[in-house]
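Data block below; observations after.
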Amino acid sequence: MGYHAGNFDVIVIGAGHAGCEAALASARMGAETLLLTINLDMVAFMPCNPSIGGPAKGHVVREIDALGGEMGRNIDKTFIQMRMLNTGKGPAVHALRAQADKFLYQHFMKQTIEETEHLTLRQGMAEDLIIEDGECVGIVTKTGAEYRAKAVVVTTGTYLRGKVIMGELMYESGPNNQQPSIKLSESLRNLGLQLVRFKTGTPPRVHGDTIDFSKTEIQPGDEKPKFFSYETEYSDNEQLPCWLTYTSEETHRIISDNLHRAPMFSGAIEGTGPKYCPSIEDKIVRFADKPKHQIFLEPEGKNTSEYYVQGLSTSMPEDVQLSILRSIPGLEKVEMMRTGYAIEYDAVVPTQLWPSLETKVVPGLFTAGQINGTSGYEEAAGQGIMAGINAARKVQGKPPVIIERSQGYIGVLIDDLVTKGTTEPYRLLTSRAEYRLLLRHDNADLRLTPTGYDIGLISEARYNKFTLKKAMVEQEIERLKSVKVRPEENVHALLDEIGTAPLQQVTDALSLLRRPEVTYEHVERLSPSSESLTEDMKEQVEIQIKYAGYIEKQQLQVERMAKMEKKRIPDDIDYAVVTNLSKEAKQNLSDIRPLSIGQASRIGGVTPADISILLVYLEHYNKVVAARG
Amino acid sequence: MMIQDTIAAISTAVGEGGIAVIRVSGPEAVQACASYFRSKSNMAEADTHTVHYGHIVDPATGETVEEILLTIMRGPRSFTAEDVVELSTHGGVVAVKRVLELLLRSGEIRLAEPGEFTKRAFLNGRIDLTQAEAVIDLIRSKSDRAFSVALKQSEGMLSKKVKALRHGLIELLAHIEVNIDYPEHDVESMTSSYIRNRCGEACAEIDRLLKTAAEGKILREGIVTAIVGRPNVGKSSLLNALVQENKAIVTDIPGTTRDVIEEYITLGGIPLRLLDTAGIRETSDVVERIGVERSRSALEEADLILLVLNANESLHPDDLELMQKLSGRPVVVLLNKTDLPVVLDIAEVEKQFPSDAIVRLSVLKEQGLDELESVIKRMFFGGELESADLTYVSNVRHIALLNQARQSLVDAIEATEIGIPIDIVQIDVRTAWEQLGEMIGDSVAESLIDQIFSQFCLGK
């Protein structure tokens, strides 16, 4: 039977991308933390694509770094390709994307965890939660170890009652043939948590020596790579290219001929899959008129010949997968090393969580990552760090930290999950953010580093560096305001060269920089800046000046909305007695129990009239309660 | 739904009385109204509780729109405890509507939600706490009615056009988004000139709508009313009585030179738009005509149906069929010819329609028109004071939103011309799409995400 195995402040179940961030944040905040994983060799494993970042996701990595998390630093150490995407578009959607050496990524993360104070990494499968007085106070493992804690964070990814499906073949399994976690699912259900069944999938991996790269297009990394972490200043990582090819008519024919063997269509899969990452069979059925689909071949690391076949996620039987692969130009003689598969798993309905990611039914129990219905390493890590922070703060008797929608994509992600829920695996997109121009890749530190510092995840030294940067950017903007530019010969020559209208009267450098054709570099030619200004700072100055009009507009919206966000709703409010709320609003408000009027206004089925009624009721309620003392 | 922006609405019953009042409340009330007001007084410095004479001027054209009296009540000594400006215009419909339209055009002031002035008064402590429930009732009842009006409009022609416009914009938005969120995907890359063209087309369509609004074809105020009934029950004479008695505004629609097909009347201050009046005059066999496509759609389009029955005859099978068809619709039953002995079985009619929607009438003796008026008032306005919020304002609201959406599209076009990146241009396009959405009450975010994934083939 069970034995007492140790006391901790916080226990994190699962050492994927959510679990690693949660455990590191909690331990770094001084909470004694246990990180438990089914298999120690799977810490920070990437079961699907060997890459991190891209639009919205890359923003999240920057935000995690700005808060003092690990993902940014770790990918900076282990990337084998770095590309800045969307450089032809506005600064808000510039997005860094890295190809990872997925093995190195794991090793570095594991090492960091092992070296972190207050953090214990252990192999073991959590099977049950210990509940006392309605609160979660520990866990029991398969081997009978009982660990006690004041908060538990569950980050089980796709392991909960995981089931792998390839064609007619189906078996209980976590990702990449790992042991699934069966009993924990039941334990969560018994606590009254509602679970749903989601599905995701991964493409086959192939041997690089059997690819004919001459039939594909090379996709190199950036010559001067940028980094995710504000701490990384330099890297001499060697970069490897990716390769682009396309499906052929033959590919489409093979898939069409074998649709009856595809579990997606035969009914073998019951879980809801994400519409944004469909399998190749799905794409060919839904977009039948598209003659070919892109396939990217991505190396999985420096010390391996395995390639990830992006665009070919599938749950077709193994033999069909091989035929599909070999119908693709460049892959005619390819050897398949791992078969693609679909995986079904249990997820928690995320509207059962507070914005702190603590469950409403069991105080002390937090969930984060794919278990909350999201998809993607970055989305998982973003939730992980917040769950870790809030678990540690709970233990320390401090109120939770909640990132606002206007502060970061992490805020958008969590608010969407806990307020609206999701009917399929949730992926972040920049279009989910209403203040996209404020949530830029470049200003994640300005948005979140003060928070990271306040909660103790950003060091004094880093914070000082940050405040210096902020001050210097502000100073430079002030300086440009005061620099007079006169309609003189050298100015005319420059403006003529840029192809912008000549100057009629004296202006200042700041106004000149607002012209679309003029860049900071041009202005510098007229009035050099201080030598201590870094590239990073110059970029910030340019963006803040050039897009000031649009930025101010969004800021105004934020301020207006802030009044609603700040209007708190007491948690003991009984919506059933609020007369005249619509039936649907009553139901949904009672289920979600929003913390603020702002959050309430985003709940489905709650109309502006319901919000007005709620405001009036709250006024009445507060006065009555105040009168009662 | 902002807590502290500036709102406006017509606060007198529309179409009635010698003057009409627009109430504006919120932090920008004084300053925003000042920008349209030409007067000897300096509004910004004017004392509270003072009245000023002057003119409302369209700043875009310099044209004088209306002669008004303007009252300033600075918070907290006002109904809402905020800064309040009241603009008194001449009575009637046109003047007050034009002024309100103008105030809403820039977007600095928005149209008040149902019951919003009262709500603010309450939240700002101007109304006794014991009245909380009454305030809640008011918001709910007004919202429900506004909603039912919006619904009706959502089936109409205007809403079809707005939906088509929105669909075009959401396709454009999805295309922009896919370029942003999937930069390496092989979809056609979005160019500024493409955005410019699509926005230009949308702008042109809004211009057409606004023009028809000005001509009164689509956005014209008034309760769309159909008169139906068997031949010889007195529809035609009812129509004539209504038109003559009420100084009808008769519109000539270009292209239909043959005759007039719509007529406007105001019945005790309630504007009615009578449908297919030519049809009523032309043919005696209306029951047959109901089978005709045009009449059927007129019936469907109607906000109000006046069913005329001959009280001097017993119910005809055609009457019963018609009653059947109209069940569940907003019908006022007019029992005409009540100057003659009543033969008709009123109890039978009451099985289908509520008794307070049945009016005894004699067109010949000009009896019962007043009662018709009060029945319509009850059906559409519920109470005297609220009449402002709905019929007119919903149209003013539409015009304001169309103007705002148009401005957003113009902003987008201008931004593409000076080389602003597409993700920033997107902000204006999206704003236009949301403004159009407000017209028909569609909710926003999720559908864009859906559109992206149904329009483009994306995957990992």
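Using N, Cα and C of the backbone, Cβ positions are placed for all residues, glycine too.
Lifted from TrEMBL, the feature list:
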BINDING   A:Gly14, A:Ala15, A:Gly16, A:His17, A:Ala18, A:Gly19  FAD binding site
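Applying an 8 A CB threshold to same-chain residues 6+ apart, the list for A:Gly14 (FAD binding site) reads A:Leu36, A:Thr37, A:Ile38, A:Val154, A:Thr155, A:Thr156, A:Gly157, A:Tyr159, A:Gly369.
Mapped onto three states, the DSSP output places A:Gly19 (FAD binding site) in helix. The Cβ of A:His17 (FAD binding site) has 33 neighbouring Cβ atoms from other residues within 10 Å, across all protein chains displayed. The binding-site residues listed here are A:Ala15, A:Ala18; among them, A:Ala18 has the most other Cβ atoms within 10 Å of its own Cβ. For the FAD site, the Cβ centre of A:Gly14, A:Ala15, A:Gly16, A:His17, A:Ala18, A:Gly19 serves as reference, and the other residues of the chain with Cβ at most 8 Å from it are A:Val12, A:Cys20, A:Glu21, A:Ala22, A:Thr37, A:Ala44, A:Thr155, A:Gly157, A:Gly369, A:Ala380, A:Gly384. The number of other Cβ atoms within 10 Å of the Cβ belonging to A:Gly16 (FAD binding site), over all protein chains shown, comes to 29.
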